[in-house]
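Peer 1: As annotated by Swiss-Prot, signal peptide applies to 1-24. Sequence annotations record features per position, and here Swiss-Prot assigns disulfide bond to 43-56, 100-208, 107-199, 112-157, 221-251, 231-243, 299-332, 384-441, 391-414 based on similarity to another entry. Summarising the annotation, Swiss-Prot assigns region 'V1' to 112-156. Taken from Swiss-Prot, the feature N-linked glycosylation site covers 119, 137, 200, 283, 304, 359, 392, 405, 457, 460, 614, 630 (among others). Here Swiss-Prot flags 157-199 as region 'V2'. The feature region 'V3' is assigned by Swiss-Prot to 299-331. For 391-414, the entry in Swiss-Prot reads region 'V4'. Residues or ranges marked as region 'V5' in Swiss-Prot: 457-463. Marked as region 'Fusion peptide' by Swiss-Prot on the basis of sequence analysis: 506-526. According to Swiss-Prot, the feature region 'Immunosuppression' maps to 569-585, an assignment based on similarity to another entry. Annotation comment: Swiss-Prot describes 614-646 as coiled coil, evidence class sequence analysis. Summarising the annotation, Swiss-Prot assigns region 'MPER' to 651-672. The feature topological domain 'Cytoplasmic' is assigned by Swiss-Prot to 695-712.
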């Protein structure tokens, strides 16, 4: 008897466990979960010039940041934000400078005479050493005749071309910068055979008009439904798989458009310290300079410059200098405590965790790239008021490195070129010769672009021409994310089970970023506020879209529907599309407009359950990412079956309403069923009757025609 009781109790416990221990999939809407995204960002600026207005929306300064208690990976080089910045600044650059007419290169042989000036950009005088450091009160700054500076090196050329008149050649005279032509070295006489140095290019682009390239400040903003995360760790060096100080933002900080090699100008990341962003897999670096040293660069191009157009043939015009007029060289002066700043760079490099070279700063040197590199690499290349300067940095490097027996100056000679290698895409642009009058540019030097080649005996910091690296420093601590508010987790509650009544409460709308405030909280704590969070999400999305719509309305250029205009307008509808997509997915599971939705689908993996008090939703989502597809499919199948069951139930329950008894269509249908049943019964009785009659006949029946009796 006792054994039977124990068996009964065990069976009860087993039944209870089967009922209550089964875990079911529960859908949560409004969880703080995100994943990396790569959608287009839109830019905002306060610059009101024409081309900047076309490219970006007006800036309204209505942005916020919220600290998150999470750990996230950041990479300045594998980053959609920095890549978009490079692409967009290139677009701004081309829009401003406007090299817009494509021409066939001028590749005829020319007879040229060299008119060598006193000193040239490419080979500054180094036969006699000189140490000249100019200051604010130096007279040569005003007269542009500092030691070593001379006139531009030019070449006077003659060549024949046809085109203006049929089968008739015309002799042209043209003066070129010596850097824009290549002469045959075998010629020893004064008159040499020369070609333009772009003749190996199939198509080049010539500037339509002379334009300024003034830097502009702008910021990037994420479309509604997306956000930007920023690593706020002071030790962040461009690559950090576990950044623990993370903030969420709708927009980036303001940044400057920068286009230069060797140095970055007017950056926004300078602090009272020197720090280095280092590529995670090679020796590329971008070094942020300490703003304490007040490092600036002043570039000047003396006046007395004239330009004349030369018509080569119909539709082909080149602009040139008048013959035998040589302008004075452009030059750049480096102001500030440069030697101290460079020493601090070396000390910072020696302490960097990625650095494996010598710790002796005397063996760490700044060097220039090889002379055989492209001009933009071999020289410091920058843009001053629309003109492209190529500066030979030999004097400067000798000065900061204190190289004895070498010419040392804190200024360098520069050369202006018409034919430019594009810095972002492979190609060449031909720009108009420099405009007349004096040009002056003053910029703050905030960073160095360099490659680090370290060794036990010596380390070389080689200046680089990677313009894109400037934006790794400006925006490399950001990453773009897409908020995915739908989450799955196992619970013991099955659909249609009674749930505790929740008291209603007001929602404090923090905007869209308020949606992420519980990202660092445990799953259980975050789940308690899902109802408020989902409403916050929708309210924040609508608010964010309204702000974007306001700035679009304020920009009249958007009515032209340029490429950027359509891009920014598309950003406005991204969040609604995303929200509707989420709701459509929830609806396919029978969970539309619910914050917590219990289902009848059993949890697929009993060993994988969340610790509601010690794990965040972001961590949990990473664990079950491989199961989400199967869970989603199971939820859809369960919802389809649920709808079928509901349909059948509704058919059975259709007679419980008294009015349905008087529905003629229902009566006709069931009358048909009755007729079918009666006819079936009649047919069945007829079959039974025939069978019975045959059975009786077989028992007493003799055949009428039987075999005749046999007679003996």
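Numbering starts at 1 and runs along the chain as displayed.
Cβ atoms here come from the backbone N, Cα and C positions, even for glycine.
Any idea what these are sitting next to in the structure?
Peer 2: Residue 56 (disulfide bond) falls within neither a helix nor a strand when secondary structure is assigned with DSSP, and so counts as coil.
Cβ-based neighbour count (10 Å, all protein chains) for residue 112 (disulfide bond) stands at 25.
Residue environment of residue 137 (N-linked glycosylation site) contains 7 other Cβ atoms, counted within 10 Å of its Cβ in all protein chains.
DSSP assigns residue 251 (disulfide bond) to a strand. Less than 8 angstroms from the CB of residue 251 (disulfide bond) sit 44, 63, 219, 220, 221, 222, 228, each of them six or more residues away in the same chain.
In the three-state DSSP classification, residue 231 (disulfide bond) falls within a strand. Listed in sequence order, 72, 74, 240, 243, 245, 246, 477 are the same-chain residues at least 6 apart in sequence whose CB falls under 8 Å from the CB of residue 231 (disulfide bond).
According to DSSP, residue 283 (N-linked glycosylation site) is assigned to coil rather than to any helix or strand.
For the region 'V3' (299-331), the model's average pLDDT works out to 60.
When secondary structure is read from DSSP and collapsed to three states, residue 299 (disulfide bond) falls in the strand class. The number of other Cβ atoms within 10 Å of the Cβ belonging to residue 299 (disulfide bond), over all protein chains shown, comes to 24.
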Peer 1: Of all the glycosylation sites given, 392, 405, which has the fewest Cβ neighbours within 10 Å once its own Cβ is left out?
Peer 2: 405
Peer 1: Between the recorded positions 56, 137, 457, 630, which lies closest to residue 283 (N-linked glycosylation site), Cα to Cα?
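Peer 2: Minimum Cα distance from residue 283 (N-linked glycosylation site) across 56, 137, 457, 630 lands on 457.
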Peer 1: Distance check, please: Cα of residue 614 (N-linked glycosylation site) against Cα of residue 630 (N-linked glycosylation site), rounded to an integer number of angstrom.
Peer 2: 26
Peer 1: Where the distance is taken from Cα to Cα, which of the recorded positions 359, 391, 414 turns out closest to residue 460 (N-linked glycosylation site)?
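Peer 2: Nearest in space to residue 460 (N-linked glycosylation site), counting only the recorded positions, is 359.
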Peer 1: Neighbour count first, Cβ atoms within 10 Å, every protein chain included; then name which of 283, 614, 630 tops the list of glycosylation sites.
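Peer 2: The residue with the most neighbouring Cβ atoms within 10 Å is 283.
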Peer 1: Count the other Cβ atoms sitting within 10 Å of the Cβ of residue 56 (disulfide bond), across every protein chain shown.
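Peer 2: Other Cβ atoms within 10 Å of residue 56 (disulfide bond): 25.
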Peer 1: Out of 43, 157, 391, 441, which of the disulfide-bonded residues has the smallest number of neighbouring Cβ atoms within 10 Å?
Peer 2: 441
Peer 1: Look up residue 221 (disulfide bond) in the DSSP assignment and report helix, strand or coil.
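Peer 2: DSSP assigns residue 221 (disulfide bond) to strand.
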Peer 1: Looking only at 107, 221, 243, 384, the disulfide-bonded residues on record, which one has the least crowded Cβ, with the fewest other Cβ atoms within 10 Å?
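Peer 2: Counting other Cβ atoms within 10 Å of each of the disulfide-bonded residues 107, 221, 243, 384 gives the minimum at 107.
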